[in-house]
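Handing you this structure, nothing more for now.
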C-alpha cells in the first residue's frame with residue numbers, strides 16, 4: 001500500500017444516507033432488523049441444505065453457496081452503515097476503505113458468476129435430465145463454485161491495485177455510506193475521465209458477459225419448457241422464475257451503478273442499498289416461499305426440533 005497516499009489522507013469521511021437525526025434513528029432500527037434477518041435467513045437456508053438429506057443435490061449445493069455469498073456481500077458494508085447512524089462524524093480509515101473496495105467487487109463479481117452457474121444447472125436439469133447427475137456431480141459443482149470465487153478475487157484485485165495507488169490529497173468526503181471505486185476516483189488529484197472509462201469497462205466485461213450468458217441459458221430453458229408436458233413445464237417455470245427474479249434484482253442496480261452510471265447521487269445510493277441490503281434479504285424469501293422442497297425441509301426441521309424438545 002502506498003505510504004505516500006496514507007501520509008496525505010489517512011481516513012475518509014462518509015456522508016451516509018441522510019443528515020436528519022430523527023431519520024437516522026429510524027434507519028438504524030430498520031437496517032439493523034434487516035441485517036439480522038439477512039444473516040439469520042441465509043444461515044437457516046445453509047443449515048437446512050446441510051442437514052436435510054432430501055436437499056443434497058447440485059441445485060441446493062449452489063443455493064447454499066449463494067446464501068453464504070449474500071451474507072458476505074451484506075456484511076461488507078451494512079454493519080458500518082448501521083453503526084454510522086449513531087455517530088456524528090462518520091469516518092473510515094484508508095485501509096478499511098480499500099478493503100471495502102476489494103470485497104464489494106470481489107463478492108459481487110463472484111455472485112454474478114455463481115448465478116450463471118445456477119442457470120447452467122437449471123439448463124442441464126431441464127434440457128438434459130437423463131445426464132443431469134453425471135454432468136452436475138459434486139466435483140464439477142465444487143470447481144464451478146471455485147471458479148466463481150476466483151473470478152471475484154481477480155476482479156476485486158483489478159480495482160484495488162488501481163485505487164490504492166491513486167494520489168489522494170483532499171478533499172476526503174464521500175457522499176455515500178461506503179467506499180466504492182467511482183466515488184474514490186472523484187477524490188483523486190488527477191484527471192479521472194480515462195480512469196472512469198477503464199473501471200466501467202472492467203465492470204462491464206464481468207456484468208454484461210454474465211448477463212448475456214444468463215439470457216442464453218434461460219432462453220434455451222424456456223424453449224425446452226414450452227416443448228415439454230404441462231406438469232413438467234409448470235415445475236420448471238416455478239423453479240426458474242425464482243432464479244430469474246434474483247438475477248433481475250441483483251443485476252439491475254449493478255448495471256446502473258457501474259456499467260451505465262446515471263450520476264444521480266440519491267439514485268446511486270438507492271441502488272447501492274438495494275443490492276447490498278435488499279437483495280441478500282429477498283433471496284432467502286424468494287427461494288423458500290417459492291420452493292416446495294425448501295418449505296418441506298423447514299417443516300421437517302421444525303418437527304424434529306419440537307419432537308426432540310418433548311422427548312429429551
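We count from 1, first residue shown onward.
Each residue, glycine too, has its Cβ placed from N, Cα and C.
Unlike curated records, TrEMBL annotations are generated automatically.
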Identify the transmembrane segment range according to TrEMBL, selecting from 1-24, 25-48.
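That would be 25-48, the stretch labelled transmembrane segment in TrEMBL.
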Out of 61-90, 91-120, which range is noted as transmembrane segment by TrEMBL?
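Checking TrEMBL against the ranges 61-90, 91-120, the transmembrane segment one is 91-120.
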Same chain only, please: residues at least 6 beyond the ends of the transmembrane segment (25-48) with a C-beta under 8 Å from a C-beta of the stretch. Say none if there are none.
17-18, 55, 63-64, 67-68, 70-71, 74-75, 78-79, 81-82, 85-86, 277-278, 280-281, 283-285, 287-288, 294, 297-298, 301
Over the domain 'G-protein coupled receptors family 1 profile' (41-287), what does the predicted model average in pLDDT?
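Mean per-residue confidence for the domain 'G-protein coupled receptors family 1 profile' (41-287): 86 out of 100.
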Against which stretches of its own chain does the transmembrane segment (237-258) lie, if we need a Cβ under 8 Å and a gap of at least six residues from its ends?
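Residues packing against the transmembrane segment (237-258) from afar: 59, 66, 108, 111-112, 115, 118-119, 122, 126, 180-182, 199-200, 203-204, 207-208, 210-211, 214, 218, 221-222, 225, 267-268, 271-272, 274-275, 278-279, 282-283, 286-287, 290-291.
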When you scan the chain for residues with a C-beta under 8 Å from the transmembrane segment (204-225), skipping those not six or more beyond its ends, what do you find?
109, 112-113, 115-116, 119-120, 122-123, 126-127, 151, 155, 232-233, 236-237, 240, 243-244, 247, 251, 254-255, 258-259
